[in-house]
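First comes the structure, then the notes that go with it.
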Amino acid sequence: MRGSFFSRLPPQLSLLLLLLLLLSWRRVWTQEHIGTDPSKSPVAPVCPEACSCSPGGKANCSALALPAVPAGLSWQVRSLLLDRNRVSTLPPGAFADAGALLYLVLRENRLRSVHARAFWGLGVLQRLDLSSNQLETLSPGTFTPLRALSFLSLAGNRLALLEPSILGPLPLLRVLSLQDNSLSALEAGLLNSLPALDVLRLHGNPWACSCALRPLCTWLRKHPRPTSETETLLCVSPKLQTLNLLTDFPDNAFKQCTQSLAARDLAVVYALGPASFLASLAICLALGSVLTACGARRRRRRTTVRHLIRRQPDPEGPASLEDVGSPTTTAIQA
């Protein structure tokens, strides 16, 4: 019966029906061996102990008083919530087992130390929240592996210095939150390494009205902000003890500031410095040798002249042989 039915159909349609039958049999076999438990479903991620996971790759580990990043993370995890815990340190490769993470929240922990290789392996991470922690410093290259990052929050920490090498080139970063830290200025190359940056949150920092603010003021003029935000961006003048709006400084206000050397210029200085020192030392040694030789030559001339003067006879002649004390006198006396 089945053979007669398939024989009446076109060959293409017969192959399509056979393919559908094979797919249906595979689905029945999967349900029999795996079951309907969502924890065993390939859609649900492998869940760390004490955390709750849901289909779609979300792992919720919030407010569990965890002292460290939980073990048991997998590549199925797309979103990891670790906020409101007691994680104080991020070691190297802390999230290496969750390389498919897109969203990572570490807000309101007790973070004081983040290793420079803590985020290695998170090349597709898009959002990272490190706000409301106790970070005072960050190592160079900490965020360099996060090439796909578009949102980064460092708000509510104790950062006093943020060098360009810490962030590294983040070509897709659009939002950077730095509010409520201890920043007084931003390094010149920091904003240049973030070409896609559109939102920069800065309020709540003790900005100092100095030449170091020139890169930041230039960026703010090129990226107008809402009035409510710009009104809170104030800097303190150390000499006058007054508050000024960051947006009130035109570019000519920094004309008295000396332009700092670029990295390329510094490299040239560092390269030529030892060479120029060695060249100066060689010149000094050469001049010293020449002067020493000239002095020795003058001394030899003076010595020769003195010997010649002593050997010349007296033009008046000796008064007697006794005065001269010649060998002849000595022989006669003998």
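Quick reminder: no glycine exception, Cβ is built from N, Cα and C everywhere.
What you are looking at is a predicted structure, and each value in this text was computed from that prediction instead of being measured.
As annotated by Swiss-Prot, disulfide bond applies to Cys47-Cys53, Cys51-Cys61, Cys209-Cys235, Cys211-Cys257, with the evidence given as sequence analysis. Swiss-Prot lists 38-75 with the feature domain 'LRRNT'. Marked as region 'Disordered' by Swiss-Prot: 312-334. Summarising the annotation, Swiss-Prot assigns repeat 'LRR 1' to 76-97. Annotated repeat 'LRR 2' per Swiss-Prot: 100-121, in sequence order. Residues or ranges marked as repeat 'LRR 3' by Swiss-Prot: 124-145. Positions annotated as repeat 'LRR 4' by Swiss-Prot: 148-169. Per Swiss-Prot, repeat 'LRR 5' is recorded for 172-194. Under the heading signal peptide, Swiss-Prot lists 1-30. Annotation comment: Swiss-Prot describes 31-265 as topological domain 'Extracellular'. Annotation source Swiss-Prot lists topological domain 'Cytoplasmic' at 287-334, citing sequence analysis. Under the heading transmembrane segment, Swiss-Prot lists 266-286.
Cα-Cα distances to Cys53 (disulfide bond) place Cys61 within 10 Å, out of the disulfide-bonded residues Cys61, Cys209, Cys211, Cys235, Cys257. In the three-state DSSP assignment, the secondary structure recorded for Cys211 (disulfide bond) is helix. For Cys257 (disulfide bond), the same-chain residues that are 6 or more apart in sequence and have a Cβ closer than 8 Å to its Cβ are Cys211, Arg214. Between the CA atoms of Cys235 (disulfide bond) and Cys61 (disulfide bond) there is a gap of 40 Å.
Counting every protein chain shown, the number of other Cβ atoms lying within 10 Å of the Cβ of Cys209 (disulfide bond) is 23. Of Cys47, Cys51, Cys61, all annotated as disulfide-bonded residues, the residue with the shortest Cα distance to Cys209 (disulfide bond) is Cys61. Sequence-distant contacts of Cys51 (disulfide bond), defined by Cβ-Cβ distance under 8 angstroms and a gap of at least six in the same chain, are Ala59, Asn60, Cys61, Leu64, Pro70. Residues of the repeat 'LRR 4' (148-169) grouped by DSSP class, helix first, strand second and coil last, total 4 helix, 3 strand, 15 coil. The DSSP breakdown of the repeat 'LRR 2' (100-121), given as helix, strand and coil counts, is 0 helix, 5 strand, 17 coil. Fewest other C-beta atoms within 10 angstroms, among the disulfide-bonded residues Cys47, Cys53, Cys61, Cys211, Cys235, are seen around Cys211. Across the residues of the repeat 'LRR 2' (100-121), the predicted structure has a mean pLDDT of 96.
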